[in-house]
2 protein chains.
Amino acid sequence: MASTFSEYPPELSAVQEEYLLTELKDWSISHGLAVRPAPSFVSEDVDPAHVTAVTAPVTLFPSLFPRQCYEQAKAACKAYNELYSAIASDVAWLTPIVEELIDVDDFMKGLWEIHLKVAEEGYAQKLQLGLFRSDYMIHMESGSLDASATVKQVEFNTIASSFGGLSSRVGELHHHLHNSQAYPSSLLSTVNSKTMPLSNSIAGLAAGLAESFHAYQKTSTHSSCVIFVVQNPERNVFDQRHIEYKLRESGVPTFRLPWDLVLEETSLDGDRTLLYNPPRSPGTSYEVATVYFRAGYAPSEYETAESWTARHHLERSRAVKCPSVLLQLAGTKKVQQVLATPHSPHLDRFLPNKADADIVRSTFAPIYPLDKSEAGLEARKLATNPQTAHKYVLKPQREGGGNNIYRETIPEFLKTLPEQQWPAYILMEMIEPPPQRNTIFRNGVMASGNIICELGIYGTCLWEEVDGVGKGRRQVTHNGEAGYLLRTKGADSSEGGVAAGFGSVDSLCLVEV
Amino acid sequence: MASTFSEYPPELSAVQEEYLLTELKDWSISHGLAVRPAPSFVSEDVDPAHVTAVTAPVTLFPSLFPRQCYEQAKAACKAYNELYSAIASDVAWLTPIVEELIDVDDFMKGLWEIHLKVAEEGYAQKLQLGLFRSDYMIHMESGSLDASATVKQVEFNTIASSFGGLSSRVGELHHHLHNSQAYPSSLLSTVNSKTMPLSNSIAGLAAGLAESFHAYQKTSTHSSCVIFVVQNPERNVFDQRHIEYKLRESGVPTFRLPWDLVLEETSLDGDRTLLYNPPRSPGTSYEVATVYFRAGYAPSEYETAESWTARHHLERSRAVKCPSVLLQLAGTKKVQQVLATPHSPHLDRFLPNKADADIVRSTFAPIYPLDKSEAGLEARKLATNPQTAHKYVLKPQREGGGNNIYRETIPEFLKTLPEQQWPAYILMEMIEPPPQRNTIFRNGVMASGNIICELGIYGTCLWEEVDGVGKGRRQVTHNGEAGYLLRTKGADSSEGGVAAGFGSVDSLCLVEV
């Protein structure tokens, strides 16, 4: 089946390409598979009111993906939900890990201090909601693509997991291209309705938010709402809107609140109920059941004292936070490393069910700390030697992507970094995905070539920390899988993310290998 | 209730307006309530691949409309479908009317010649499909808005009735703005789910096309398709796409074919079955069940001999034409005038059911010919005298809008027009709509002020001309109402149409008067 990969996708004739692009451009805009254009594409001068939109960066074809790898990633979803809800609930376990980081990471320090302050005052809400995305790449265990191929985890996101809206749509787009005969008939045995799973991420993520809303409502006598805390401006707004509209359709009032207006437009009443007071309706207040963060995840968003005050204000409120500060901290790469360090005992502790632990463990690539532990000293040897470093990637512990150091450039980079800052990074064995080609369409420009795919599986989890927040005992009332994301980027670029570089949203075409 | 009109819509505060516009801009793009931008807005230089889109011109609020008037227009729909199917089937009746026009109208002459040629050869298809839109304005019978207000017909469209796609969406937009509290709470008694009917025009028009497709399929052993014959480029493409996607969803293969490629990409086989041979799949042919014209309605589209050949080619085919040449000719304003000339006997002849004739007649404003009949001579007096002309509008017989002459400017215009060309125009009493205000949002610019609304009611009708095309006897197998369009434009402009001037798509807010 490696031949499927090398022969895919087929070359298109000029008329085939024109037809496919016309179908793609019209379908995407008709269905909100769109982003606001970058100012470098449509300038502020041309569109000062920001009424234009553009087809989101997408692939022309769904990318190939071994069915066994997709099934493996899906099968791990609920165990991952369990795992991270358990970690976020266990402050005693988290404390030493976070304390090791806060000396070198002011952002984590700020978040941790919020937790400490709220814990001292007493948390007002025991319900916790996670909308997670676990990201994987295909790893050729044997060096070539065969039945031994697995997925290996790239990272686990506990805050602002994006593209759930556009992911549902891009799968529907590829189905439309298939149904409208935009794909050559030679493809039909590979690309057909049986090989192209749709992602139910819009419905799935909205359902997770609705679960928390209804659970909160049981404790309240007022009618309440869900608040999406967002960046402003936000080019990826339609991705978020699709989830909001789905929530609204299900009867859950939902509003967007820019991150920098949190303190202005919300307040706490006597029992720390969070009230949303929109200035557009003076005198009207909505009780906030759930705060869904699509902002507030990056250090750059905390450059003012007010930002920290705003985060603290939300954290101490009685609203369900998606995520809480503790859940955000549980998503640090340091936790991923601690779990995935070879022979780590932690996974079995959090997942006493052996089948759960095994399926999660099967997705780990070896990860090492860069501290002075035994594993850390071993990693320092591997990372500073160009002979061994070429098999690794160096990643910062922080969330939000960016600044990964790859392979041969690691030793040089570490030379420039004071040694006391090394523990802010982890060393991870590179995942070796199969070579594959596709065409990415972005701002009207096509680029064909080698690509790399990253599969994200969305999970939603609602639980109650029955003895109090962080005390360890919890009751999970909802644990669901919520669709997938396939992100595809040029294989030559070193950094992921559709918003930067030549990245795109994609969908799956499953193949048997 | 006139006070409702004078106090509507309310002033918005700056924060209310900003919130409403943000909701509007995001919802519209998320749901394909969009158009391709004009080159004057986003130039070819900026977007050579035509990937940008922009919110379609819309009103911020649904416009007020007396409920009785909406009910009257809807009630007339099926009778109008009957009427125009009867007219198009009656060549004997149509012939003298058309013959009167062809001396002064080369476009009609060309269409009529196509009919004559195909009739001589023999029509290959007895099934006829009409997707109609009957356009109305509110008329204050008593000079003020009260229970005597009615709708009066502006025109009846038998070809390329547009905006059915965007019309469904704009109603949903206004519902969203209501549900997301973008309208001030003071409006709730006026604007609420009970007063805002949604237009099912997407589903309704698609259902009409599907009826013809399935009726054709019964006579065919091959799998077939529907073809939308379209202009290229087409800025209003999403309006058409929504209907296409709905058709596809219901299992009807549907393709777009640019008007100038008809001869290149279709052919006729021995029994005049129309075959669509897309060059993107050489060797593949689809049998065409239905040709839906969203092009080919304007004289400017027939400037080459090839265009006439293409229309003749389609007309003589075995595909169902929506519309046939005869049905297009039945939609001429001359027919409307003949029916609506006071004391005309024709309506009762086509609609022997008195209730049908009465409801249709209730929508007529007096219309006069400008020929040398008794009514025509009377009209010439009215039109050439500035004292009386101010109550009238002079309209060309041709389809496609444009070039209406209003009120006091009529006498001057007639002086410049050779008298033998006068019969190409009809004289119609001006409809007096109630003054109303709204805000139109177009390309990021808002314009508030006096507006005029035009209500269109979509109807779909499928019939078989059992004794042969044009012989009079027919069997109607489907007759349906298919939603509405509200088009709103600045009251100071003299010409309708969302694509020209400050026009917009709008939805209804029904009021009791």
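Every residue number used here counts from 1 along the chain in the order it is shown.
Using the three backbone atoms N, Cα and C, a Cβ is placed for every residue, glycine included.
The annotation substrate binding site is assigned in TrEMBL to B:R133, B:159-162, B:234-236, B:Q240, B:294-297, B:R487, B:498-499. Annotation comment: TrEMBL describes B:E155, B:N157, B:E399 as Mg(2+) binding site. The ATP binding site annotation in TrEMBL covers B:E155, B:K333, B:395-404, B:Y406, B:428-431, B:E454, B:K489, B:E495. Among the features that TrEMBL reports, domain 'Glutathione synthase substrate-binding' is placed at B:225-330.
TrEMBL feature annotations superimposed on the structure.
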{"residue": "B:R133", "record": "substrate binding site", "CB count, 10 Å": "28"}
{"residue": "B:N157", "record": "Mg(2+) binding site", "CB count, 10 Å": "24"}
{"residue": "B:S162", "record": "substrate binding site", "CB count, 10 Å": "20"}
{"residue": "B:R235", "record": "substrate binding site", "CB count, 10 Å": "17"}
{"residue": "B:A295", "record": "substrate binding site", "CB count, 10 Å": "21"}
{"residue": "B:Y297", "record": "substrate binding site", "CB count, 10 Å": "24"}
{"residue": "B:P396", "record": "ATP binding site", "CB count, 10 Å": "20"}
{"residue": "B:Y406", "record": "ATP binding site", "CB count, 10 Å": "16"}
{"residue": "B:M430", "record": "ATP binding site", "CB count, 10 Å": "15"}
{"residue": "B:K489", "record": "ATP binding site", "CB count, 10 Å": "23"}
Which binding-site residues are spatial neighbours of B:R133 (substrate binding site) here, meaning Cα within 10 Å, out of B:E155, B:N157, B:P396, B:Y406, B:K489?
B:E155, B:N157
Tell me which of the binding-site residues B:E155, B:A160, B:A295, B:Y297 ends up closest to B:Y406 (ATP binding site) in space, Cα to Cα.
B:E155
Mind tallying the domain 'Glutathione synthase substrate-binding' (B:225-330) by DSSP state, helix then strand then coil?
41 helix, 28 strand, 37 coil
For B:E155 (Mg(2+) binding site), which DSSP three-state class applies?
strand
Would you mind sorting out which of B:N157, B:P396, B:M430 (the binding-site residues) have a C-alpha within 10 A of the one on B:R235 (substrate binding site)?
none
Restricting the comparison to the binding-site residues B:P396, B:M430, B:K489, which residue's C-alpha is spatially nearest the C-alpha of B:A160 (substrate binding site)?
B:P396
Closest to B:N157 (Mg(2+) binding site): which of the binding-site residues B:A295, B:Y297, B:M430, B:K489, going by Cα position?
B:Y297
Around B:Q240 (substrate binding site), how many other C-beta atoms are within 10 angstroms of its C-beta?
25
Work through the binding-site residues one by one (B:E155, B:S162, B:A295) and name whichever has its CA nearest to the CA of B:M430 (ATP binding site).
B:E155
What is the interatomic distance between the Cα atoms of B:Q240 (substrate binding site) and B:P396 (ATP binding site), given in whole Å?
27
Quick one: pull the CA-CA distance for B:S162 (substrate binding site) versus B:P396 (ATP binding site), whole Å only.
20
